[in-house]
């Protein structure tokens with residue numbers, strides 16, 4: 001039997017702490033592909049595609065010489081492409097399923113799939129000539145499991161009220177930093193621990209996620225802080241006994257429950273005997289203007305369309321570099337395979353920077369939000385509360401305008417880092433690639449957080465999940481282009497990455513079109529706030545929701 005939401009609230013710090021660790025070691029670990037690729041090649045996966053006399057290099061495994069060639073790299077990269085596609089593309093159907101069944105079953109399925117993927121990797125190396133195709137299934141399950149664990153953990157910050165943005169950045173940072181896991185495993189592997197033992201141990205640890213979910217994760221959703229107060233769980237049969245309050249506090253409790261019952265009369269028909277009281281009586285009424293906005297209007301809005309272009313190009317740039325990094329470094333390395341392994345380990349270690357950089361983009365998106373007012377009608381009250389006279393001109397900061405301004409700053413910074421990353425990729429200097437690693441890590445941690453905050457600021461909260469899932473799906477489909485780009489690099493270009501990187505750098509410049517449009521959108525929004533038309537609602541500040 002699933003625990004209650006009240007139980008989850010009491011254990012919220014434990015759940016948040018374990019979710020960070022689970023994201024770090026079990027979510028998007030496939031993004032550390034460079035290190036996993038080296039281990040799979042050392043174990044001889046798809047080595048049968050490489051005749052020894054035609055191999056470009058060779059890997060050593062306990063005295064056995066495994067051939068290595070471009071055909072092997074292309075086949076393994078195809079498996080990575082499938083796994084990374086599922087890591088992003090399944091966000092939309094998962095969002096629908098989570099709305100229907102809650103995060104608990106999805107997290108249980110994700111942990112089971114991760115355990116199965118590690119088991120399949122361990123089984124594959126028993127007979128690589130016959131079982132190498134199993135690596136495709138293993139990588140697919142790994143990608144699907146990763147997005148299940150990540151997506152469900154993004155609902156946890158709702159239980160932390162004013163700290164929600166901080167915990168959201170922490171969850172995204174742990175997800176982005178999970179690329180360090182395979183480089184860490186590679187160090188254990190090089191210390192002499194067999195690959196099969198590592199995978200079976202990892203599979204057993206994934207079972208602990210399943211157990212933690214069974215014991216602590218409720219079947220209900222985690223409502224946003226502005227929608228409910230987790231500390232006021234009121235049982236209808238024991239209203240006065242459960243909460244020993246009197247006077248005005250008791251009146252407010254009864255009023256809140258009465259309003260909730262009047263808005264959801266069918267809850268009693270379903271036998272519900274517990275409710276979460278709204279933080280105030282305006283919770284439902286404030287959401288009505290949002291529900292009046294048709295989804296097609298949000299879907300066809302220029303903000304969403306420009307964000308699709310920006311996120312798709314960024315996703316392609318990030319995924320291609322992860323897939324082709326070893327080949328790019330191999331083109332620069334002149335002192336052998338050992339130095340290539342060193343730079344691959346350094347790249348993996350730098351993924352922990354995501355835990356430090358993700359809160360930075362969250363800070364940018366929350367800049368001066370607490371000083372804002374929700375609507376022009378509240379400007380006078382806001383000015384009076386800050387000690388200004390009625391005759392003194394008030395220049396309040398409106399919530400939605402400030403969020404759009406913060407999004408402009410966030411996307412401009414992210415695109416500048418992306419362009420800088422593209423420039424360093426073009427320079428044939430091996431030490432300079434350390435700077436490339438840092439820029440790549442920062443971009444990967446920034447652009448997801450910036451996009452989610454933009455959607456929460458501009459679109460109704462009822463559209464947030466679907467729009468986010470659709471954006472992830474489109475970006476994943478667009479990122480499939482990394483496979484033909486990789487094949488072009490190792491084929492006609494003979495390993496030369498310059499022209500591919502140059503083309504991607506030019507395409508990255510299109511990302512500045514989104515902040516440019518947001519600048520125009522902010523100017524139009526400012527005019528509407530000064531002279532609002534009759535058809536424009538005054539409540540401009542959409543409630544934030546978790547991704």
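Positions of Cβ are set from backbone N, Cα and C atoms, glycine also.
Annotated in TrEMBL:
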TRANSMEM  12-33  transmembrane segment
TRANSMEM  75-96  transmembrane segment
TRANSMEM  108-125  transmembrane segment
TRANSMEM  131-156  transmembrane segment
TRANSMEM  168-189  transmembrane segment
TRANSMEM  195-215  transmembrane segment
TRANSMEM  303-322  transmembrane segment
TRANSMEM  342-364  transmembrane segment
TRANSMEM  404-424  transmembrane segment
TRANSMEM  454-478  transmembrane segment
TRANSMEM  498-519  transmembrane segment
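Ranked by Cβ pairs under 8 Å to the transmembrane segment (75-96), the stretches 108-125, 131-156, 195-215, 404-424, 454-478 are led by 131-156.
Same-chain residues lying 6 or more positions outside the transmembrane segment (12-33) and placing a CB less than 8 Å from one of its CB atoms are 80, 83-84, 87, 111, 114, 139, 142-143, 145-147, 149-150, 153, 156-157, 159-160, 167, 170-171, 174-183, 205-206, 209, 212, 216-217, 322-323, 348, 351, 444.
Note: the stretches the transmembrane segment (195-215) and the transmembrane segment (342-364) are not in contact (fewer than 3 CB pairs below 8 A, sequence gap of 6 or more).
Under 8 Å from some Cβ of the transmembrane segment (168-189) lie the Cβ atoms of residues 16, 19-21, 23-29, 31-36, 38-39, 146, 150, 153-154, 156-157, 195, 198, 202, 322, 341, 344-345, 347-349, 351-359, 361-362, 441, 444-445, 448-449, 452, 546-547, all in the same chain and six or more residues away from its ends. If you look at the transmembrane segment (342-364), the same-chain residues 6 or more away from its ends with a CB under 8 A from one of its CBs are 31-32, 34-35, 38, 165-166, 168-170, 172-180, 182-184, 186-187, 325-326, 329, 333, 406, 409-410, 413-414, 430, 433-434, 437-438, 441-442, 444-446, 449-450, 453.
If you look at the transmembrane segment (303-322), the same-chain residues 6 or more away from its ends with a CB under 8 A from one of its CBs are 31, 33-34, 80, 84, 88, 179, 328, 411, 414-415, 418, 421-422, 425, 440, 443-444, 447, 451, 454-455, 458-459, 467, 471, 474-476, 478-479, 481-482, 485-486, 500, 504, 507-508, 510-511, 513-514, 517-518, 521.
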